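What follows is one structure encoded as structure tokens, with my remarks underneath.
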């Protein structure tokens, strides 16, 4: 038997098909929007980090934690007599990874950018230089005086300037070069009275300079150019750092760790140092992402001068007139450097915002999701 459709029935079928096609189209649009939002979620997390933790907040956070961990680590090395600097660094990173795993379990860890945006070799290099930078720093502090350690740290500044110029053609203006020179000379004069060192410790301090510079450059560049947040980058690189620290352990630490008195008091002090170590790594990453590698080094030198002057005014410690003069000279140079940075940011702020808005609009019109690529490539500092 044959049945014939009336015009009314045909119109109903066509409307039903149009409705189904519309629903499928909306579903496809929703799927595309979901994929786009997931792809750009790390970018929004980066913007949220910048909004909640600007340069001043990040640098202040890092400064407070850095001062606190100095006193706690002094207690660990002198009072508790834990003479294993690489193992102490390893414990710091294990606790950091455990705390980040808790954050990830509660979905509080920011997502990582797309795997295509950052090569695995770059993350591997960062994890490797992190292990060398932190491990060698603690070994240097064990064998050398704080003054010699600070003298070695001065060499990090020109190393960063040279490396950024060679790798990224990033130039530093002449006024900033002069300000950084004043800072370096001031810190050298402030610490010249405390230059006790061990031959092995001096070799370790010299070997620490290059990894420290590369470490700061990569932390700053990956966050500013590839939309990594501090915690997500820490989560990706910490396992690599742990592997290399474990390999360094038998080479640089003395024997006798099993005979150490792991009582409750000693364990709590070491655990407290590890918590501060996590906060130091996080705050340092935030500061590097919000400012630059050179600014972070200048902050470390400012911390040295503040501690020296604080001991003089608060605890009647007398480092000598030359050291006090050097500390004030360094702080003066830091003030000029900070002023030049703020002046440069205020001068470039409006054109840069206009450029970002234009690129964002163009990216949306072209369906591009990578509007910020190359935004920092030709910047001078």
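Yeah, the Cβs are placed from backbone N, Cα and C, and that goes for glycine too.
Please treat TrEMBL annotations as automatic predictions, because they have not gone through curation.
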Which listed span TrEMBL calls transmembrane segment, if the choices are 174-193, 354-373: 174-193
Contact yes or no, the transmembrane segment (84-103) and the transmembrane segment (230-249), 3+ Cβ pairs under 8 Å, gap 6+: yes
With CB pairs under 8 Å as the measure, which of the listed stretches 123-141, 147-167, 199-218, 297-316, 322-342 comes out on top against the transmembrane segment (174-193)? 322-342
Range from 147-167, 199-218, 230-249, 269-290, 297-316 with the greatest count of C-beta pairs under 8 A to the transmembrane segment (52-72): 269-290
So what's near the transmembrane segment (230-249) in sequence-distant terms, Cβ-Cβ under 8 Å and 6+ beyond its ends? 42, 45, 49, 86-87, 89-90, 93-94, 96-97, 100, 103-104, 109-113, 123-124, 126-128, 130-132, 134-135, 219, 222-223, 281-282, 285-286, 289
